Amino acid sequence: MRERISNAKRVVVKIGSSSLTNDEDGHTVDPNRINTIVNALQARMEAGSDLIVVSSGAVAAGMAPLGLSTRPTELAVKQAAAAVGQVHLMHQWGRSFARYGRPIGQVLLTAADAGKRDRARNAQRTIDKLRILGAVPIVNENDTVATTGVNFGDNDRLAAIVAHLVSADALVLLSDVDGLFDKNPTDPTAKFISEVRDGNDLKGVIAGDGGKVGTGGMASKVSAARLASRSGVPVLLTSAANIGPALEDAQVGTVFHPKDNRLSAWKFWALYAADTAGKIRLDDGAVEAVTSGGKSLLAVGITEIIGDFQQGEIVEILGPAGQIIGRGEVSYDSDTLQSMVGMQTQDLPDGMQRPVVHADYLSNYASRA
């Protein structure tokens, strides 16, 4: 798997705030650190890979200019810091890549962008065109307009979504930790975990919170790595200090093995990025049919319609106890579905005998465990 990552053609590289700022105050962008990172990125690109960078650090970079000594928690202050810091951050990225004659392109995304299929496609096209034109895409969450509860939460998840969005061959998550340990790596009894093949390898792992200037701790990195690996993308998790060997031969850090069958772009989007408009509760038989049998969802297996939604919107599919089993694109609006609950297909009027959610537009979590 490490060879697969080292030979990957299209790679998304995520760099955390702590890897871009200096050690003294933790909220000043360090040009030397960025230069070191860019040197390694350039070497990988010269070897033939396409790279997309997901860069944290906007809020941290805006703290010093605004006289903030601690990371802001108030949304408006955080957004102000991001607005100031993003300018500083992109300036440093631009200066560093200019040493190699490479332009950069800023791509700011929100969860709302990823949640709408047309916006997600536009972002994908922009990133692809930047690469074709020889520019390095630098992606970050648009903190100045993102709102609490409608955001990615951290750039680790954003990186996983971008990796699938651009059909990446590998995702490299860089922070200030050498890889995954079963407990805090400062504990002398902590054991390093080299490979994660499935959830069993994570049993007993204790993942802590984020650092002083970032939002994504080890828990978020593990979550993002599993998200990407479930969608078919191998992941390497290591420290920014190891970026050279990480991009050269991937013989450092922790590798998360991908699922064998890569999710289609639509199914990944529906499961992990799309906005949902309502919910549909199923009986046990319908749950079995759509999760294990790969069947379309029929009206006969539905017990409850929750919320108001339109035909073509994405809804959550629930089991009898309310557990979320998947998501799908509905063929009918909620008012129409209310009249169809529990009915056999042959008893429905003409024009209402299509599946409620066709198997091609139904993605379940059980198959990605």
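Using the three backbone atoms N, Cα and C, a Cβ is placed for every residue, glycine included.
Keep in mind the model is a prediction, meaning the values are calculated, not measured.
Residues annotated as ATP binding site in Swiss-Prot: Lys14, Ser175, Asp176, Thr215, Gly216, Gly217, Met218, Ala219, Ser220, Lys221. Among the features that Swiss-Prot reports, substrate binding site is placed at Ser56, Asp143, Asn155. Sequence annotations record features per position, and here Swiss-Prot assigns domain 'PUA' to 277-351 based on sequence analysis.
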Just going by other Cβ atoms within 10 Å, which of the binding-site residues Asp143, Asp176 has the emptiest spot? Asp176
What is the separation, in Å, between the Cα atoms of Ser220 (ATP binding site) and Asn155 (substrate binding site)? 9
For the domain 'PUA' (277-351), what's the model's average pLDDT? 96
For the domain 'PUA' (277-351), what are the DSSP-based totals of helix, strand and coil residues? 19 helix, 22 strand, 34 coil
Measure from the Cβ of Met218 (ATP binding site) and count the other Cβ atoms within 10 Å, all protein chains considered. 23
Looking at the binding-site residues Ser56, Asn155, Ser220, which one has the fewest other Cβ atoms within 10 Å of its own Cβ? Ser220
In the chain carrying Lys14 (ATP binding site), residues 6 or more apart in sequence that have Cβ under 8 angstroms from it: Val53, Val54, Ser55, Ser56, Asn155, Asp156, Leu158, Ala159, Leu171, Val172, Leu173, Leu174
Pairwise CA distances across Ser56, Asp143, Asn155 (listed as binding substrate) top out, in Å, at 11
Inter-residue C-alpha distance, Met218 (ATP binding site) and Asp143 (substrate binding site) (nearest angstrom): 21
